[in-house]
Every structure is written in C-alpha cells, then in structure tokens.
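As recorded in TrEMBL, the features of this protein are as follows:
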SIGNAL    1-35  signal peptide
TRANSMEM  301-323  transmembrane segment
TRANSMEM  364-391  transmembrane segment
TRANSMEM  397-422  transmembrane segment
TRANSMEM  434-457  transmembrane segment
TRANSMEM  463-493  transmembrane segment
TRANSMEM  524-547  transmembrane segment
TRANSMEM  553-581  transmembrane segment
TRANSMEM  593-612  transmembrane segment
TRANSMEM  624-653  transmembrane segment
Amino acid sequence: MSARQRVSSPPRGPRWLLLSLLLLGAAPGPRPGSAFYLPGLAPVNFCEKDKKSDECKAEIELFVNRLDSVESVLPYEYTAFDFCQASEGKRPSENLGQVLFGERIEPSPYKFTFNEEKTCNLVCTKTYNTEKAEDKQKLDFLKKSMLLNYQHHWIVDNMPVTWCYEVEDSQRFCNPGFPIGCYITDKGRAKDACVINSEFHERDTFYIFNHVDIKIYYHVVETGSMGARLVAAKLEPKSFKHTHIDKPDCSGPPMDINNKASGEIKIAYTYSVSFEEDKNIRWASRWDYILESMPHTHIQWFSIMNSLVIVLFLSGMVAMIMLRTLHKDIARYNQMDSTEDAQEEFGWKLVHGDIFRPPRKGMLLSVFLGSGTQILIMTFVTLFFACLGFLSPANRGALMTCAVVLWVLLGTPAGYVAARFYKSFGGEKWKTNVLLTSFLCPGIVFADFFIMNLILWGEGSSAAIPFGTLVAILALWFCISVPLTFIGAYFGFKKNAIEHPVRTNQIPRQIPEQSFYTKPLPGIIMGGILPFGCIFIQLFFILNSIWSHQMYYMFGFLFLVFIILVITCSEATILLCYFHLCAEDYHWQWRSFLTSGFTAVYFLIYAIHYFFSKLQITGTASTILYFGYTMIMVLIFFLFTGTIGFFACFWFVTKIYSVVKVD
C-alpha cells in the first residue's frame, strides 16, 4: 500500500463537513443528465478578461469557511488563525441555519481570473519570533490545530474546493476540506496527513501545508448564454520551505516547524491555479463526484429492508388482533343478554367504565402532547421539502432555517392539542396549561443550548451564537411562537371536550394483580426496541454528519425511515395497549406515551456507544458539548415518538369501545 493510499482514511466513510445537522446536511438535487436547476439557485457564467460582460464574470472569488476537526467539537473562524487575510471584500450574509451551525464564510486573499493560470504565486509571508509572547501564542495555536487535525473549508462558486485522494480498494475519496498541516510524534509516528509524503520524517516536528495546487474544471455553455460554468474545484495541499521567499519557486524540502524550535520562523503562503475543460460534467450534476465517493447506498437499502420486515411483522400481529381476536370479542360481547354471562366475562370490555378516566399528571401529559405535535409536523414538512431538493448542499443552512421557522409557526397546533386534551382530562387551570405549553419544553431546550453557547463563548469558537442572534431567537419565540400557542389554546378550550364512546364510572375499578410482562416497566422497555431497530442504521449516518463532519444528503431514505418509524411506534404501542387492557389494566394514557417514547432512551444509549467507539473527540469542553447537544436531540425525539404512541393508542381505544354495546 502506498503512502498516499494510507492517508487518514475516515472511519466508515469520508471525514468531512459541508452542512453539519440536526439533524443534518442536504439533498443532492438532480442526478446526472437532469436538466433542471435546484430551486432558487441559478448558475453563474464565467469568461476571459477581455470578453467579460454583464452576462459573464472574469473574476473568480474564493471564500473561506470555518475550520473544524473530528477530534474537537469546537470550530474556529478563519480569522482566528494567523493565515493570510483578505485586504477587502464583502462578507456573504449568513442565514439563521448557518449561524446556528457555526458557519462563518469570509472573503479570502486568493483571487483568480478565469482561464488565467498562475504558478507559485506568493500570497503573503508570516514571521514569528518565539521570544515575543504574541508571536509565540499565534504559533502555539497553529501547532495545536495541526495536532488536532483542523481542516480548511474553501468555497469557489458556491462549491466546496475538494482534496481527492485514494483510500482502500483503489477508491477515490473527495474530501471538501484539507488539513492545515500534520505532526510527526517524538517516536517517529506520522499522524493524519503526514503519511502522504515520505519527506515528512523528522521527529517531534510539525509540517504546515503552505502551498496549494488548485485545478478548476469548467463546462462551456453550448446554448443560449455565453461563457463557461464551473463544475469542480480540486486542490492538492503541499509543503515547501521556499528558499527565496520574495521569488518562490515551489521546490525544495517541506516547511517544517520543530516543536522545540526557537528564534525567527518564516512561513510563505503560495498557490498555483490551472483550468481544464470537462465536457462530461454538467452544471446541474456538479455535486455528484463528491457524493459518489460515499458508497453508502447499499447499506441504506439493507436498513430499509430490515425496517420493512419489522413493520410487516408488526402489521401482521396488529391485523391478527384487530380482525380475529377483536372481531370475536366484539361479536361475543354484543350477543350477551343475561347479566350472569357478563359476570363470567373477562378481558378488555370489563374496564369500559374506567378506560377514559383522566390520567394522573394530566397537565404534564397534555403539555408533552402539544410540544410533540409541533415537532411531528415540523419534522414531516422539513423532510418533505428536503426530498423535493429545496434544502440542497448549495443552499447552505437551509435545513436548519426551515426547521426553526416551521417550529416557530407551528405554535398554534401545539396550543390547540394541549388545550383539547387537558380539557378532556377534566383540567380547569387553562392559564397554567397554555403557559407550560409555551415555555416548558422550549425553555428546557433553550437553557441547554444557552449553557452550551457559554462554553463555546469561553473557548472562543466560531460556533458560539452571537448575542444579536440569541436575541433574534428569543424574539421569534416570545413574539411569534408564544402568541400563536395562545391562539391555538383559545380555540382548543373553546371547543367542547372530546366526547368518549363510553361513560366513566364514579368509583374506580380495582386493577387485578398483574403478571410480569403486563406490568408497566417491562412493557415500556420492550416497546422502544422495535422502533429503534428501524432507525439505528440511519442514526449512524445522521450522527456522522453532525460529529464526523460528513455530508448527509440521503433525504429520500430518511423520509422513508420517518414513515416506517411512525408506523412502527403506532403498531408496537397498540399491541402492548391491547395486552394491558386484556389484563384489566386501564391506565393506558401515560403508558402509551412512554412505550414509544422509550425509543429515545435507546437513542441516548446508542449516542454514548457512538461517542466511545467511533469518535476521537478529546478535551473536557468538547465532551460536555457532545452530551449537551445529544440531550437536546434525545428530548425532541422523546416528545416526537411519545406523541405518535399516544395518538395511535387513543385512536385504537376510541375505536374498540365505540363498537361494543354497553348497558
């Protein structure tokens, strides 16, 4: 295996970031051969300097994004490092999603003209005197970043500049980031990207990639508008200790910085740029070469098939209960005339006088149902738009922006559902109910988010949300979401309470001694296993996209898994609900919510396993941040799955008790 083939091959796929998330990443848009463009994104035409016009530009701008690492959760802005800075240039405006994900896009000092090649062009020279405290601090920060394998993310024409190299099995992998440099340990072990060059061999030494060879591929427009469109930008990072810094020739030994070096250290940053026409790649499918270096599709189909088998098995069980057992039960109950027969009867009909008895802590349950409904609708609509290609990788931050805006606007259904169920539970403290719906769950999420943000502020990371954005989020919450929740609650309380098919008895019925498997806890623990089984492979890719900075773009799969998850949660809850009712236990409300909500506990266990087995995160701050953000995801997932379980069980109970005759 060559040194180049051994280069930091990522864990189970590429190590990279484009859009981190949440819940997160983006859809690839059209595949090769499709002619339409992604919604809201028009191509830019480029031409030579002497042919430039209103229709086509000659200058190609290179933008720099924040730098990040798989070994740390803390990203940093480009300006936090002592690299060459742009003298002037307009910073692109960022949307809410980009700010929340810590993306900070800035102009760079690297400027190109279309089809004008440059070789070993000097950008700037940085000088460090280790005896000066300020210089030493800058150099130490650079060394620490190389040690943690921080990566640059450059953007040309809204496309990532990629570094393509060979990994195992002669596969080419294109990483939309490249390292600042690398480190050879004091024992002579090459870390990360140091394996690409045999000249990197000095012990306890850092090698900085101070030169890049950039190659820009373009496609000439045949019809209509003139000029060419950029279809790919690739680079190769190199290291040169330029002998003549004023007139660099990009030759000689690599730029090494010994860990114990003192005195004056000079680093010259240079670049070469070349252009090549590519007739095979069209503008609409220019992202494909990055996505195709991720061979995950076959795993996805396996995951879907696995989930479908679980769904078919559960559907079979539910259908059998519905059609055979329930049908027999209902026929038998409805044929009984004498009270003597009724006395001998047992099963779910016996609890008809208690089935709609209000649950304990009805206030909290109704608040959870309101928030869960909000999350459920938000997830469905976001994934639906993602499937249509609106939230593409070129549309940076669109996914998170869409989710946040939808959540804010969906305050009305949350207030309505919470009020409606609270009223049917016999509650009268409507003011407390509407306030808790508006502030309890969002407040917990915001408090966790704020604490994480304080840690990021303390560490000086670019992922720290600026104070202005925090105020904007609070304004969205208090000025839009809360009033909408109040409106929803007003209509919910105004309507008559939900009419139940059977009356509730004055005196509660005694619940008989339960066997082990019909007790609440075993049922709840068992109920979460099947829904989790449907999602855990998909969960691996989502966690990779957030923490290992890989791109997530398979929204078609995710939407399918979302539908499967809804069906599985519903069926598993109905199944267990039926068994409990047969055992004459009528406390179904909280149990149905917790049965499918317990999937979130398995999610948490998996996230802990993922942290210890797949991630290389080091440092206390990064660990706290990982678990802090994981707890937000777990809470959202708990409310989301719990609400599905409750509604499924509510529908089931209402249905079966509406078809039996009750004296």
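Keep in mind that glycine also has a Cβ here, set from the backbone N, Cα and C atoms.
Nonlocal intrachain contacts for the transmembrane segment (397-422), taken as residues 6+ away from its ends with a CB within less than 8 angstroms of a stretch CB, comprise 19, 21-26, 94-101, 103, 362-363, 365-367, 369-371, 373-375, 377-378, 381-382, 385-386, 390-391, 430, 433-434, 436-438, 473, 476-477, 480-493, 495, 498.
With pairs at least 6 apart in sequence, the transmembrane segment (463-493) and the transmembrane segment (624-653) have fewer than 3 Cβ pairs within the 8 Å limit; the two do not touch.
Against the transmembrane segment (524-547), stretch 593-612 has more CB pairs under 8 A than any other of 434-457, 553-581, 593-612. Ranked by number of Cβ pairs under 8 Å to the transmembrane segment (553-581), the listed stretches 364-391, 463-493, 593-612 are led by 364-391. Residues 26-30, 38-40, 398-399, 402-403, 406-407, 410-411, 413-419, 421-422, 425, 427, 433, 436-437, 440-442, 485, 555-556, 558-559, 562, 589-590, 593, 636, 639-640, 642-644, 646 of the same chain sit 6 or more residues outside the transmembrane segment (364-391) yet have a Cβ under 8 Å from a Cβ within it.
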